[in-house]
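S.K.: Questions regarding the structure given below will be posed in turn.
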Amino acid sequence: MALGRLALGTVGASRRVSLQRGLLFLCALVLLLLSEAVEPLGASGSPGGAGDSSGGSHGLQKGCEADVTKSKHPTNRTKKPFPVLSFDYEHVKTPFEISLWVLLASLMKLGFHLIPRLSSIVPESCLLIVVGLLVGGLIKVVGETPPVLDSQVFFLFLLPPIILDAGYFLPIRPFSENLGTILMFAVVGTLWNSFFMGGLLYGVCQIKGTDLNTVNLLACLLFGSIISAVDPVAVLAVFEEIHINELLHILVFGESLLNDAVTVVLYHLFEEYAGVGSVSILDVFLGVVCFLVVALGGVLVGAFYGILAAFTSRFTSHTRVIEPLFVFVYSYMAYLSAEVFHLSGIMALIACGAVMRPYVEANISHKSHTTIKYFLKMWSSVSETLIFIFLGVSTVAGNHSWNWTFVTVTIILCLVSRVLGVVGLTYVINKFRIVKLTTKDQFIVAYGGLRGAIAFSLGYLLDKSHFPMRDMFLTAIITVIFFTVFVQGMTIRPLVDLLAVKKKQETKRSINEEIHTQFLDHLLTGIEDICGHYGHHHWKDKLNRFNKKYVKKCLIAGERSKEPQLIAFYHKMEMKQAIELVESGGGVKLPSAVPSTVSMQNIQPKKPPSDRAIPQISKGREEEIRKILRNNLQKTRQRLRSYNRHTLVADPYEDGWNDLLFKRQKLMEIEKKMSKMSNYLTVPAAAPDSPTLSRARLASATYVLQKIVYPQAYSSKPTSDDLPTIKVDLASPQSPDSVNLVNEFQKAATQNDPDDDGGLVMKVPFADKDQGEQDNKKEQQRLMRCLSDPGPGGDEEEDEPFLP
Amino acid sequence: MIMFFSSPSDVKNNGHRRFFPYCHIILIPRGVSGHESGGITTFFARRFHHVTDHSCAIIMGSGDSTLSKIPNVEELMEETGFSPAHVVRLYERFQALDKSKKGQLSRKDFESIKELATNPIRDRIIGAFFAQGQEMVDFHTFVRILAHFRPVDKNRPKKANMQEPVNSRTSKLRFAFQLYDQDNDGKISRNELLQVLRTMLEMQVTDEQLESIADRTIQEADLDGDNAISFDEFRKSLEKVNIDHKMSIRFLR
């Protein structure tokens, strides 16, 4: 509905022909490669046009016999020779056109990434606006009125996904550590910008000869409050591409999120006052109260829904499939509930996402978590794309009244007030900060103050009867948006490089960091207590304790509520690495990824069976065989995995994850011990006796887990000489000089690698068959391998290079 | 024990400020107050007038009444970089903690801080104040230990030949490292790490879990393969953490 209204709500229905032709043309132009994608568009273009121009109502009547609309037009019945098939475009018009716009947006996004050179220079947001301009131009050329970005649609449907994505994945720690600075910029900075701009603009408007004498002070202030807020959508779009360091990112982005409350209040106040025409001291005081109510109310509403969502997720363990839905629905409800009272919906969404996340994540399954992540990312990026495209289209569509003085002054004042505001506020803030903001930081914060679609939508919402200068305002707003997005957005990346501003370090958090950070937190809390200084750490510690003692118990189901953060982190890390490895298919880290089909060799480090089965084979030939097998295995393994991933049922390790992880650790220990006592490993060839059997059973029980988890323990080694060493082992397992490994884990790793390579050999034919059958076969395979064991003598000899 | 202290001084020369780093090497038996060698530092301090905010006034002789009670206060401030207000505040806190009024704190005094009682690494923190074999902490040591947590000030001059200030990144890290490294062998062994983990996780986890985490941690940080974390490895693993930020307390802001 949303986009349908967006596309058509403000525009007449007859424009559809040109719209679709425009779409078709553009898509064909930009995406010749994607022929499949163009087909539906082409198909839609002509019947849509026909149905529209020759009269949709006629088609509707014809189709009425076979349609739902039958009952509505009982009188117009004419007999049709072939009643089932008929033409009825009106029936699907709205959703169809929504899909078309979304498709166009997605295709555009896709298209830009096919041209890497373009996207490395120009930010995506700029390109999308240009596309929007082109589409709008085309529609206009054909002689129709292009649609305008409808504020209702924007605020209700396009904005929430982006904000939820931002709120749910908000980096809490840097955010809370810099909250003071962010609030300062967001509240004081925005207030300063609004009043500075509003005041000075009014001054300019009073100059004679500018034709602006009709603009009164309140209108100027209103305009100032609309234009002064930094826009989260624009900031996200640009800052995500320049990979700036965490501090600057959170400063600018946090500001853009939190200034919403200020903007909402100022906007509504000035709109109200402009209607009435007079402002008293009491109004100013009420304004301050309003601000507090709007901001805190938004946060409270959000937190309420967040807790509700967390509480709900406590009970979803039996219906995992709908878990993600709760997150989305509760957040959306929070946003809408806040909007009902004109509270800050953005603050509500942020609070909701941030509050629910830690608890929801502890409750839901890993797959649901992935679903949430992908859905949010997908929605937000589609919304973002649509917003920028429609910004372009609306520019062409709108009624503009261009006033040189007003536009120029606005742009200059925007820049000046931003710079003055940032420099002035930083001066104050730096007195309180431990890590001071440098001049470079200030520059980036000031320069990153991009304006965007929120300003446009707010301007669009203005009532023309109260503000006869609305068109001029809109023109100025659009110009400022274009200026910031194009000029600042395009130059910020070179400037960041030029100034050598610290970039974001693309690394995962290590367990070391996690432990030490927690340790330091405790340490600093202790030191604060010794100094008798109740600072930041003290209160944080109190909050943590409260959270652990009461909140977690209520909101998190079962054992996990007692799980310390460190353990949770440890699991998450293990899981993440395992999944990354599985998804990468082990292509790069082949030697370490190969043991993923760990069988009983895991606990029984031995030679690859290929060596045993064909002992006379030459080294070169062996290598060749390995290569072939490896290539084939990769595929079968992937097939297997995708089979697993799409079935929700085949998930034995999801809930018992905890135990299995440590079972794995145990196994590793056993393995270590075993590698020490080599005698134990030598299973007599003639006796597939009970210890072997039981071991095989043990191995198969942990098979699924092992398959995913095992390799990462080895691949996680940061040492660069790790991989080559193992590779040498693979190629020639007998060469002793290849073993220059120092610690136990690595030893275990090298022992496993050739083994599992061997283990894979046996599995090729069965890899893509039914799971259960496969397990059976594997069991047999193992037994067979045990039977074909060459015996103690050979084993010892072969194991030699790997012994300590 | 011999300790090296250094302090940079802003020196006013011919009307315009010049940064003139100074290096003092003071031999102080740790834990002993009112050292004799203090004279040298005071000499330098008097000779080159301080420009750093209040300290100037102190050296010129117009001290606070509390400050005048503390022996060698200028020197202490120069060493640690605390302002007089900080020192006064800390002195008041010190006296509040000093139940026996002997001018020294015992372990009991620290343990009686009730907020500290819930801190899992309380013993280690308290232990950090006591040099080996010492039973009491005097005010100077107290302040010197706390000086590790003073935020880094960028406008202090730095030079390569100078001894590092006590609140530099390295010495902050060294301080934290020593809290792990209880046997002072320059390495965090597996056992030491396990102890820390156990205290931090408060018996909520099994030994197996702890061990696997400890193994994992060491495996991750250990670069030279000695199954322990040396200071360099420790520093490396915290490379991306903003220690200046994480290990600083805003005293008296």
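Note: Cβ is positioned from N, Cα and C throughout, glycine not excepted.
OK, TrEMBL features for this one:
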type	residues	note
SIGNAL	A:1-37	signal peptide
REGION	A:45-75	region 'Disordered'
COMPBIAS	A:45-58	compositional bias 'Gly residues'
DOMAIN	A:103-496	domain 'Cation/H+ exchanger transmembrane'
TRANSMEM	A:122-141	transmembrane segment
TRANSMEM	A:153-170	transmembrane segment
TRANSMEM	A:182-204	transmembrane segment
TRANSMEM	A:216-238	transmembrane segment
TRANSMEM	A:250-270	transmembrane segment
TRANSMEM	A:285-311	transmembrane segment
TRANSMEM	A:341-360	transmembrane segment
TRANSMEM	A:381-398	transmembrane segment
TRANSMEM	A:404-430	transmembrane segment
TRANSMEM	A:473-496	transmembrane segment
DOMAIN	A:593-696	domain 'Sodium/hydrogen exchanger regulatory region'
REGION	A:747-804	region 'Disordered'
COMPBIAS	A:766-782	compositional bias 'Basic and acidic residues'
COMPBIAS	A:794-804	compositional bias 'Acidic residues'
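Describe the structural context of these features.
M.R.: Beyond its flanks by at least six residues, the transmembrane segment (A:153-170) meets 2-3, 5-6, 9, 232-233, 236, 253, 257, 327-328, 331-332, 335-336, 339, 345-346, 349-354, 356-357, 372-373, 376-377, 379-380, 382-384, 386-387, 453-454, 457 of its own chain at Cβ-Cβ distances under 8 Å.
Within the same chain, residues 175, 210, 212, 215-217, 220-225, 227-230, 250-251, 254-259, 261-263, 266, 291, 405-406, 409-410, 413-414, 417-418, 420-422, 424-425, 428-429, 445 sit at least 6 positions outside the transmembrane segment (A:182-204) and bring their C-beta atoms closer than 8 Å to a C-beta of that stretch.
Residues 123-125, 159, 162-163, 166, 190, 193-199, 201-202, 205, 252-253, 255-257, 259-260, 262-263, 266-267, 270-271, 273-274, 277, 279, 346, 384, 387-388, 410, 414, 417, 448-455, 458-459, 462, 467, 469, 473, 476-477, 480-481, 484-485, 488-489, 492 of the same chain lie 6+ residues outside the transmembrane segment (A:216-238) yet bring a C-beta within less than 8 angstroms of a C-beta in it.
Panel annotation: around the transmembrane segment (A:250-270), residues 163, 166-167, 171, 174-175, 178-179, 181-183, 185-187, 189-191, 194, 218, 221-222, 225-226, 228-232, 235-236, 239, 283, 287, 290-291, 294-295, 298, 342-347, 350, 441, 444-445, 448-449, 454, 458 of the same chain, lying at least six beyond its termini, place a Cβ under 8 Å from a Cβ of the stretch.
For the transmembrane segment (A:341-360), the list of distant contacts is 155, 159-160, 163-164, 166-170, 172, 232, 257-258, 260-261, 264, 268, 293-295, 297-303, 305-307, 309-310, 313-314, 326-327, 330-331, 334-335, 551-552, 555-556: same-chain residues at least six beyond its ends, Cβ to Cβ under 8 Å.
Packing against the transmembrane segment (A:404-430) from elsewhere in the chain are residues 180-181, 184-185, 188-189, 192-193, 196-197, 200-201, 204-205, 210, 212, 223, 227-228, 436-437, 441-442, 445-446, 449, 451, 472, 475-476, 479-480, 483-484: each is 6 or more residues past its ends and has a CB under 8 Å from a CB in it.
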S.K.: Quick test of the contact rule: Cβ under 8 Å, at least six residues beyond the ends. What residues does that give for the transmembrane segment (A:285-311)?
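M.R.: Those are 187, 261-262, 264-265, 268-269, 326-327, 330-331, 333-334, 337-338, 341-356, 359-360, 363, 554-556, in sequence order.
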